Amino acid sequence: MRRHGVDLAYSPMIMSSAFLHSAEARAADFSTCPEDHPLITQIACRSGPEFALCAEELSTLCEGVDLNCGCPQRWAMEEGYGAALLKHPELIEDLVKAARAVVPRWRVVKAPQDEERRIAFSVSIKIRLVPCPPRAIGEDGDSSSSTSYPSNVQLTTELVRRAACMGVDWVTVHGRTPSQHSNDPARWHDVAQIIAARVPHHTHTAAPLPIFLNGDVKTLDDAFRAYQISGCQGVMAARGLLQDPALFEQNRPQDPWNLYREWLDLCQEYSASLPFSSIHRHAYWILEKHIGKKGREMLHKIDNMANLCDFSPASVYTQNTPI
């Protein structure tokens with residue numbers, strides 16, 4: 001993705017308890033290389049001391065940590081992670097302040113030439129739209145449409161305001177409530193209202209806290225429209241980039257097979273410890289929409305790196321037409 005126009009990359013969500021369990025566990029969850037910057041590590045956590053330890057461990061490996069307060073998966077919310085934190089802003093504050101206490105915003109490091117230089121380290125959060133309290137939804141509570149999951153822009157704006165006071169460097173807002181499904185349209189206009197409030201930045205009172213928009217950014221045109229509608233300082237994409245790592249590239253189009261081969265080359269060069277299941281999953285996502293049912297079945301059955309590298313357009317025919 002960095003080769004195709006991405007300015008800032010995030011890691012997958014990493015559980016703090018697993019990350020801190022052992023050096024082996026950390027190596028399994030997190031790896032990087034000198035070319036993999038700037039990088040933000042996304043942490044799922046519900047403990048201030050754990051989040052502080054994660055930040056300390058990562059302070060020399062990436063440019064910042066992001067507290068996930070938006071994961072809507074049932075298991076995460078039942079365990080008190082992700083979007084469950086939206087109900088506990090005081091806990092979010094404890095976590096953010098704990099991380100900032102052990103890793104200052106600016107740290108001094110020695111360069112290879114023994115010259116001291118200041119390096120920034122960010123602490124940010126990713127949230128969803130805060131839902132309206134049940135009593136504000138109405139007595140009918142019809143759950144058959146997305147309108148039964150109303151967001152409360154005022155409550156979300158207040159959470160962003162509190163986040164600024166906590167000392168976060170930016171907030172990413174996913175334009176859905178935790179109860180909304182991925183096929184419900186993201187509410188960019190709700191995010192626009194939050195941005196329009198111009199919540200002051202904690203260190204730059206003349207500038208608003210940066211807010212990134214997430215949700216339904218599947219193409220470069222989507223990214224531009226999201227910016228135009230919301231006035232956000234940046235857009236985040238997840239699923240769209242997994243399917244098209246060149247989504248943000250201006251000079252389109254990119255051959256998906258070239259992206260597939262590029263992914264495999266990078267895996268062989270940098271990811272000796274990456275499980276084959278992860279390599280295969282990402283390769284499948286890149287080609288999934290382009291190889292037809294037969295091609296998907298063939299790719300799904302591949303169980304080793306050699307065959308994954310041999311998989312090519314010549315291997316696949318859809319409706320008697322070479323891919």
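Along the chain as shown, the residues are counted starting at 1.
Backbone N, Cα and C define each Cβ position, glycine as well.
Gln42 is the only one of Gln42, Gln73 that TrEMBL places in the FMN site (with Lys126, His174, Ala238, Arg239).
Listed binding-site residues near Cys71 (active site, proton donor): Lys126 (candidates Gln42, Lys126, Ala238, Arg239; Cα-Cα distance within 10 Å). Counting residue by residue with DSSP, the domain 'DUS-like FMN-binding' (2-104) contains 50 helix, 16 strand, 37 coil.
By neighbour count, meaning other C-beta atoms within 10 Å, the densest spot among the binding-site residues Lys126, Arg239 is Lys126. Look at Arg239 (FMN binding site): DSSP puts it in a helix. In this structure, the recorded positions under consideration are Cys71, His174, Ala238, and the one with the smallest number of other Cβ atoms within 10 Å of its Cβ is Ala238.
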